[in-house]
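> Here it is: the structure, laid out below.
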Amino acid sequence: MLELLEALLFSTLDAAPALIFAALGGVLSERAGVVNVGLEGQMRVGAFCAAVAALSMPTPLAVLVGMVAGAALASVHGYLSIRWRSDQVVSGMAINLVAMAGGTFLLEALYSPNGTPPIAQLPRWSLPGLAEVPLLRALSNHPSLAYLALLLPFVFHAVLHHTPVGLRLRAVGEKPHAVATLGLSVAALRWGAVVGGGLLAGLGGAVLSTAVLDRFEQHTPAGLGFMALAAVVFGRWTPLGAFAAALFFSFGNALRIGLASSAPGLLDVIPQGFLLALPYLLTLILLAVQGQRSSAPAALGTPYEQESR
Amino acid sequence: MGERWRSAVPSLLSVALALGVCWVAIALTRDAEVAGEAYLQMLYGGLGQWPRFLETGDVGTLTRPLGEAAIKAAILLLTGLSVAVAFKAGLFNIGAQGQMLLGALMAALAGAHLSLPSVLHVPVALLAAAVAGAAWALIAAALKLMRGVHEVISTIMLNWVAVSLVDNWLAVGPLRASVSGGHSISGTAEILPSAQLPRMLGDLSRLNLGFVLALLIALLVWVGLFRTRRGFEIRAAGLGAEAARTAGIAVKQRTAEAMGLAGALAGLAGALLVLGTEFRYPGSLGAPYGFDGIAIALIGNSHPVGVTLSALFFGILRAGGTRMQLLGVHKSFPELIQGLALLFVAGRLVWLTLLRKRRAVAASTEVPRA
Amino acid sequence: MSLEIRAGELLALVGENGAGKSSLMNVLYGLYHPDAGDILLDGKPVRFKSPRDAIARGIGMVHQHFMLVPTLTVAENVVLGREPSRWGRMDPERACAEVAATCQRFGFQLDPRARVDSLTVGSQQKVEIVKALHRGAKVLILDEPTAVLTPQESDDLFRVARGLAAQGHTVVFISHKLREVLSVAERIAVMRRGKLVAEVKAAETSASVLANLMVGEGRTGTSVSEPYHPPTGGVVLSVEGLTARTGEGRPALQGVTLEVHTGEIVGIAGVDGNGQSELAEVLTGLRPIEGGQGTLLGGPLRHLTPAEARRRGVGHIPEDRLRRAVVKGMSVEENVSLGRQDQPPFTRGLWLDFAGRRERTRALLAAYDVRPQDPQVAIQGLSGGNQQKVVVARELDTRPKLVVAVQPTRGLDISAVAQVQARLREERALGAGVLLISLDLEEVLALSDRVYVLFEGRVTGTFTRPEFDEQEMGRRMMGADHG
Amino acid sequence: KKEQPAAPAPAAGQQQAQGQAAPPAAKTRKVGLITDVGGRGDNSFNDAGLRGLELWASGKKYEGGKYVTASPEDIQKTLTPDLRALQSPIAPQPIEPLVIQSKSPEDYEPNLQLLVDQGADLSVGNGFMLETAVETVAKRNPSSQFLLIDSPLLDAAAGNKPYTLPNVRTVTFKEHEGSFLVGALAGLVTKTGKVGFVGGMEVPLIKRFEAGYRAGVKATQPKASETLLAVYSGSFDNVAAGKQVAQDLISKGADVIYHAAGADGLGVIKAVEEARAAGKSVYAIGVDSDQSHLAPEAVLTSMLKHVDLAVYEAAKDLAAGKFTSGDRVLGLKEGGVGYAEVRVDFPGKAEALQKVEALRQRIVSGDLKVPASVDEVSSFQVTP
Ligand SMILES: Nc1ncnc2c1ncn2[C@@H]1O[C@H](COP(=O)(O)OP(=O)(O)OP(=O)(O)O)[C@@H](O)[C@H]1O
Ligand SMILES: Nc1ncnc2c1ncn2[C@@H]1O[C@H](COP(=O)(O)OP(=O)(O)OP(=O)(O)O)[C@@H](O)[C@H]1O
Ligand SMILES: [Mg+2]
Ligand SMILES: [Mg+2]
């Protein structure tokens, strides 16, 4: 039983980091009032650029490149939605589509449709104290970024609630006009959040190609960005909530896989497809039970216009 | 009317610019000649191979590409309308994909397991698909209206549930076609000939009644939204829910109706695929038509006329895009063009500003008004 | 235009809606940028790139519409942008202390830890002022600060304003209420169509002179002293012991009993937030009742829906125009048909009747002098006042038997106010019962035949026209004779 | 589809094909191939078909949208030992490849038709999903030749009974036989006595891999077949999902994991590689092609399914004017399936390979019949 739990925990923690980073990116952007349905695309370019960069530089540095790439794509979204007050959903969907098709195209043009050549994977850290402790063992032997993913939500939470910039961020997502009349720049705050969100989503993507895998594979991130978006909403736009949601999704998936292998007889009763649907069904049920009313930032999705009051 | 046309200008310019950018991309990775040739091939593939036709007189060289473009356009039109109708009611339907899946499955079942005369069988199968799609969409609507769950997240979840249940279970398990000798077969049992959408040009093209049906449905949606009381109420509920409620409109009901309609439209898209070309639920629905619907709707300004034009254009592009591969041009170009076009549409205000500047210059020569 | 503001004075800025008062002040505050011309501060030209510059030069502004973040606390709202922090970490204790100090210095009673959305409108207004003062404002601009305040709260506010002026602050305030302008301001500037048309000393002018200046020659909007109109017929509305809750679940109405008859205007006076909004919502089917009973136009009040209310003959002029009354994104004619989309001339069977709709809209736009008179323009292209006229036109066009009018003249200019008030009287003459809910006591007094005073969800006073006693009403509105 | 084609058609068709094919020496013939929705770059099935056509049959490499001539070494590198031992060595033919990737199921038919229109003498439908499309287009174009991989033609009107067309060759594989051998090897290699299987989507084709594998394990390690863990990742295009499933199996003690999961399988191999890095002794078994290059240390062997060879041979036959229609079922005996060279070392390797070879001989000789469905595995017995 303990072993089962341990395996479940390990599997959850191993799959969660990319989702956590991307979800945090979503929270950052959306707390400032900019809807970010483009997480999937930002993850994709992050994954791609990190893998490409890792071919010619140390992998940790390449991860930074991936982050910058995510931020660059997010900037397109920012430019359209902040500077030009475009519909944020439209420009988010658009960068997804472009990243999807463009990624496949570039991959094939530069390398081969099979993916980039293999790169040096990020090392895994074994935590000396834990390696022998049952259950807690599961916390050891994850890629370095996984530990960052466990830490970052708390840092983000602290920043959001205990620093000036966090206060301004919360304010600009609720009532940008209030922020503007105090002489702060709404655009600058939102730009910061969108670019920061892009950095995080790019990091999430980079995790996929440098830690989960050792190359960019043509299907990356296979819907994970939309999952992250769901985690943002499920987590009620808070860093810790999104973190919990991301862990929940990963856990649901790990549980599904674990169930299939630890109780083979189960599969004769419950079809695999049903188990596959389980995490999503659970999410739906939980959402239905908890209700979702009015937790979104008030100004989410509304472009800031000085004249409108 | 002038105003309406002017609002289409950004979309038109966006599509043109996207075509231009992709042309440059091909020209840079290959050369200009290939780029030009590729676009020509795309036209052949989408609108018919006219030179070959004039040379050989083979009608198939015209009708086949046109038929393929029409088939794709019809499906895109229905998923695009699905997204657009939901938009009109203030909902963002990311779930067209899942609704389409369910629709396709039900059409396949009704087509295979009912035996009816053709005049009844096709409508019944279509109806089954519409009902299935609507039911799937109404789950999201119920969650939103009763529990306040945002439809974006619930439809994303429902998409995954649909794929898991249908593609990973029903289509490969209980509903799989029976085959003798352990051979693999993709998907459910083949539908009866009576349930097939009639081909309009016989063997000259796969063009079927589905295309006409889709256009007709677009017309109905347009009339419904803009010419009827119900449509007016749906739009009012979408644009200003509180005001609509104050005015005595049953907002929740209208929202649910719109979402149901959106689901039905997506379900019909699935039915067109099954009854028109695949004749069975093909194991998994490869192309993400449901997601494409979002782009189609947005580029078409969420207006039935705009959606129709945008679906026709991208139908042609998609059908013709295959031929670009003949020149070694990458298979993802049609999607790239679509994505870029949406990106440029997102910059609608940039276009409008540019255009207004020009108009302002023109206007300044007029006599100033009092 | 040019305007001079002197140090330490109390200057009032008046003008019709859209005269440019807010725009001018926003320019002063650095939010808008002048196309031409200069701002001179202490005789030297300054250029404000953003409010930050204006704040740095000691200019503070309280905007016409609240600029508060409802989910943050008072302290957070006040210190936003100049947060006290240590090593990058915000210091909430110091923030609260600082804000408390500012409040104390200027005599405001505010809890720095309270969330803004839990405060009354009056308190929120104070937070706005504290925000400006906290930044060391020497020049304080108040844009229509009393629009949502009770007379008592307004008096409070002006006491503070005078105090500030006495301490050497300059206060500029914008108002449509000529009486308070005359009593508070030292100097009055009048704007019309983006131009300064007059500057007068308060002591040397009168309301009618100001009104003339604002509106231009030949148009006046003085209110005539009304005769009493006794009810002409039966009861259209009667409620007894009505209770209801707010959206957040707090008790809003706690046993309201009142009646409206055919042919009378019944006013509801009260300070904002004492149940008026909920009363209107209950009567129009927007909010369920909890207890008590009522009859509305011959039917029960329980389980009333907006559609049913309309069917029985209720006309509703909602208080929140942009949210409740018009649908942005639709044309004027579509908005005119809203709520009547299923009746001729707006419909024929299941189909919309475009020709009928346009014709009726044209007629209404002409009758109410809405500008522009184009049925096809988008409603958001109209000014606020013209939007309101469209709403009034639509609601009264149905020949309602009961009109529930909430703040029907809010934000309208003098001539428009006069027009809307005339229409309401006309409805009375035509035999409708009118329930007028307004925060503007002056308006309630001007129109009503009977007045109920509402305080904390209870009726605390009933008055009939001959015996209107403004002082007594004010006391009842503050709950003076009540627990 | 209406009814079975008229009886005399096969002969006529063949004659016609042959008549056409009578080649003036080096006349270049066009051979087209339609991938299924997996497309180029799937590292398994489609790539195998493309290798057979592009690299082997026409001696060309696909690079950045263009074909460049491949060197003989390029070709040699891709040949597994069994192919190097072929009687007639694999060598480029006068063939011009024409490849179209399908993006959705309804594209199969028009894409095939496009190949015909572009003058392809032979068109390959790569994958059982193209069955209906090949059927339709072949009937419409009786003078063109077709090759369908992984499925016979099925007559939907007659309860999906296999039938033939005069211009269609179909090739199916006995994946269970190849899977049997890697399963047998897995049974011999496992130290924990637990082995795993990761499938992609739970479709009948993949079930056949599972069945053979189970039987193979049973043949050499009956106990391990009781505890065999078979899990389906639910997709063919989600590397992370495959990795997670494999990690789970490893944590449950499985030390040899066979995958038949497309791109998800890359994740399986990745998980094994990482587990090895963490000090566990685990192996992965690849599928379709030799996947050793993905992780030389971690891949024990790969079950080979020579889609490449099937395509190559059809093209070669066409070039030589010998293309014939009909169904071909390729098993161990025919060299259609097998397993890749075992490059890793483990104790008792030689002995284990001997045992596996022996089993292969028995299957080839018909002495041993491998079950093709999971249900039959329980009653399957290997008589020594
Ligand atoms: N975005 C815009 N672009 C161009 N004109 C606009 C825009 N918004 C408003 N207007 C115009 O500005 C005018 C005034 O609008 P506003 O709502 O500020 O009126 P107002 O001055 O407050 O008038 P009222 O007294 O009726 O409330 C209207 O005539 C409207 O057409
Ligand atoms: N950015 C802008 N661009 C164009 N017109 C504007 C802009 N801002 C305001 N206006 C117009 O300038 C005029 C003055 O508006 P302003 O808000 O200053 O009026 P106001 O005197 O404060 O009216 P109110 O009493 O309704 O507050 C209005 O007609 C408004 O539409
Ligand atoms: Mg105004
Ligand atoms: Mg103003």
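Backbone N, Cα and C define each Cβ position, glycine as well.
Note that TrEMBL annotation is computational and uncurated.
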> Which stretch does TrEMBL mark as transmembrane segment, out of B:9-36, B:149-176, B:289-316?
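Based on what TrEMBL states, transmembrane segment spans B:289-316.
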> When each of B:69-87, B:99-116, B:207-225, B:258-277, B:289-316 is checked against the transmembrane segment (B:122-143) for Cβ pairs under 8 Å, which one has the most?
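Comparing B:69-87, B:99-116, B:207-225, B:258-277, B:289-316: B:258-277 has the most Cβ pairs near the transmembrane segment (B:122-143).
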> With the transmembrane segment (B:99-116) as the reference, which stretch in B:207-225, B:258-277, B:289-316 has the largest tally of C-beta pairs below 8 Å?
B:258-277
> Could you pull out which residues elsewhere in the chain have a CB under 8 Å from any CB of the transmembrane segment (B:207-225), counting only those six or more residues past its ends?
63, 66-67, 70-71, 73-75, 77-78, 81, 84-85, 88, 122, 126, 196-201, 231, 234-235, 261, 265, 268, 272, 275-277, 303-305, 307-308
> In terms of Cβ proximity under 8 Å, which residues at least six beyond the ends of the transmembrane segment (B:289-316) contact it?
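Here the qualifying positions are 7-8, 11, 14-15, 46-47, 69-84, 87-88, 94-101, 159, 215, 218-219, 221-222, 225, 266, 269, 273, 334, 338-339, 341-342, 345-346.
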